[in-house]
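Since the structure comes first, as structure tokens, the remarks are kept for the end.
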Amino acid sequence: MRQPALPDRAVLNPRPAFTAVFSLFGLDLALMALLLGVLSLALQLGFQMPAHMLDQVDLKPGVLAFIVLGAPIAEEIVFRGWLSGRIGHILASPLAIAALIALPVAGTAFEAGDMGRAQGFLGAGAVAAALAAAALFLFRKRKAIGFVQRRFAWFYWASVIAFAGIHLTNFAAAGVAALPLVLPQFLLAMILGYLRVTFGLWSSMLAHVLHNALFIALVLAGAG
């Protein structure tokens, strides 16, 4: 992870992939424990934690399911779907994102009684999903683009920084002073990026789900 490199293809054998996922989840646990200890000390010294968006959210089962399952899958597609450097994945990622966006928009239109708009977005989402699947199939034998492999560190760190940066919006005071608060996401993104290119997107999705499940368990335990 300190010197990221992009292989031609991800390892297809699930056994080493599962081993890596759970080993790195253990590392994630250790890092989170360390950061929570530092945060606890900072709070005792007078640090004022800015409001988190979850403070205003009613954690109903549907919301919990989205945080634990929906958000990790969507975020992995957005931030790391393309990171393999293979043309099929690069083309499929924005199409998959479009399909994911179409679903809640269609749901909102359906709840508002606008069936025409709902059907339109559902149709557009289905087309985008079909095109994404076609791109993955048609270019499945292509290796990573040479330029992306040679300059992979640029793309890897860009995805890490972007992932951490977007999580600044979780806090009411989203500024430079809040940067240390997204250090957990920065470290997580390093782990997820490695898993994605080494073992495939499913492995980074699984690790992300485990991380979010742990986070929500801590939130619920604290609320209880």
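Numbering starts at 1 and runs along the chain as it is shown here.
Placed from the backbone N, Cα and C atoms, the Cβ positions cover glycine too.
According to DSSP, the domain 'CAAX prenyl protease 2/Lysostaphin resistance protein A-like' (63-133) comprises 62 helix, 1 strand, 8 coil. The domain 'CAAX prenyl protease 2/Lysostaphin resistance protein A-like' feature in TrEMBL is assigned to 63-133 (among others).
What TrEMBL records for 149-214 (among others) is domain 'CAAX prenyl protease 2/Lysostaphin resistance protein A-like'.
Annotation comment: TrEMBL describes 21-43 (among others) as transmembrane segment. Here the transmembrane segment (21-43) has long-range neighbours at 49, 183-184, 187-188, 191, 194-195, 199, 203, 206-207, 210-211, 214, meaning same-chain residues at least 6 beyond its ends whose C-beta is under 8 angstroms from one of its own.
If you look up TrEMBL, you'll see 63-83 (among others) marked as transmembrane segment.
Summarising the annotation, TrEMBL assigns transmembrane segment to 90-109 (among others). Away from its own ends, the transmembrane segment (90-109) comes close to residues 74, 77-78, 81-82, 115, 117-122, 124-126, 128-129, 131-133, 135-136, 139, 145 of its chain (Cβ-Cβ under 8 Å, at least six residues beyond either end).
Taken from TrEMBL, the feature transmembrane segment applies to 121-139 (among others). Outside the transmembrane segment (121-139), and at least 6 residues removed from its termini, the chain residues within Cβ reach (under 8 Å) are 86-89, 91-93, 95-96, 98-103, 105-106, 109.
Residues annotated as transmembrane segment in TrEMBL: 151-168 (among others). Long-range neighbours of the transmembrane segment (151-168) within the same chain, counting only residues 6 or more positions beyond its ends whose Cβ lies under 8 Å from a Cβ of the stretch, are 3-6, 75, 79-80, 83, 85, 174-175, 178-179, 181-183, 185-186, 188-190, 192-193, 197.
Annotation comment: TrEMBL describes 174-195 (among others) as transmembrane segment.
Residues or ranges marked as transmembrane segment in TrEMBL: 202-223 (among others).
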> DSSP helix, strand and coil counts for the domain 'CAAX prenyl protease 2/Lysostaphin resistance protein A-like' (149-214)?
Replying inline: 59 helix, 1 strand, 6 coil
